[in-house]
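The region 'Disordered' annotation in Swiss-Prot covers 1-44. Look at Swiss-Prot and you will find Gln6 tagged as 5-glutamyl dopamine, backed by similarity to another entry. Marked as N6-methyllysine by Swiss-Prot: Lys10 (among others). Annotated N6-(2-hydroxyisobutyryl)lysine per Swiss-Prot: Lys10, Lys57 (among others), in sequence order. As annotated by Swiss-Prot, N6-lactoyllysine applies to Lys10 (among others). Residues or ranges marked as N6-butyryllysine by Swiss-Prot: Lys19 (among others). Feature annotation from Swiss-Prot assigns N6-glutaryllysine to Lys24 (among others). The N6-acetyllysine annotation in Swiss-Prot covers Lys28 (among others). The phosphoserine feature in Swiss-Prot is assigned to Ser29 (among others); the stated evidence is similarity to another entry. Per Swiss-Prot, N6-succinyllysine is recorded for Lys80 (among others). Residues annotated as N6,N6-dimethyllysine in Swiss-Prot: Lys80 (among others). The phosphothreonine annotation in Swiss-Prot covers Thr108 (among others) and is backed by similarity to another entry.
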Amino acid sequence: MARTKQTARKSTGGKAPRKQLVTKAARKSAPSTGGMKKPHRYRPGTVALREIRRHQKSTELLIRKLPFQRLVREIAQDFKTDLRFQSAAIGALQEASEAYLVGLFEDTNLCAIHAKRVTVMPRDIQLARRIRGERA
């Protein structure tokens, strides 16, 4: 049979789809999520620093009012039963308590930094209180 010249023809759809090999299917352990992108995660510490800056700018109370009120009433019951509190008194106690705690944590953070750490530990709180003269 003699050779004939091949002429260029237009494609009519290409090849038929082949069946996927079993080994290739077994390699995919988890099914694809249909193009779902995994959620963005900030690096450790980024969100904490953002929260610190946000709280330093604001003046609102950080402890919820009702849990603090329950705590005050529970502590007051040890001294005298059936005590009544004005809402302004509870508010003043909460303001003073939060101011004390914020100051204590600032000093505690300085103690941790002095020890060349960034993590606050109970011993930092104890040192800060001892330096302040609160606990001998």
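Just so you know, glycine gets a Cβ as well, placed from its N, Cα and C.
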**Between Lys10 (N6-methyllysine) and Thr108 (phosphothreonine), the C-alpha gap once rounded to whole angstrom** = 78
**Request:** Determine, using Cα-Cα distances only, which of these modified residues is closest to Gln6 (5-glutamyl dopamine): Lys57, Lys80, Thr108.
**Result:** Lys57
**Request:** Measure from the CA atom of Thr108 (phosphothreonine) to the CA atom of Lys80 (N6-succinyllysine) and give the result in Å, rounded to a whole number.
**Result:** 34
**Item:** Long-range Cβ environment of Thr108 (phosphothreonine), under 8 Å and at least 6 residues apart
**Value:** Val120, Asp124, Ile125, Ala128
**Item:** Lys57 (N6-(2-hydroxyisobutyryl)lysine) in three-state DSSP notation
**Value:** helix
**Request:** For Lys80 (N6-succinyllysine), just count the other CB atoms lying within 10 A of its CB, please.
**Result:** 7
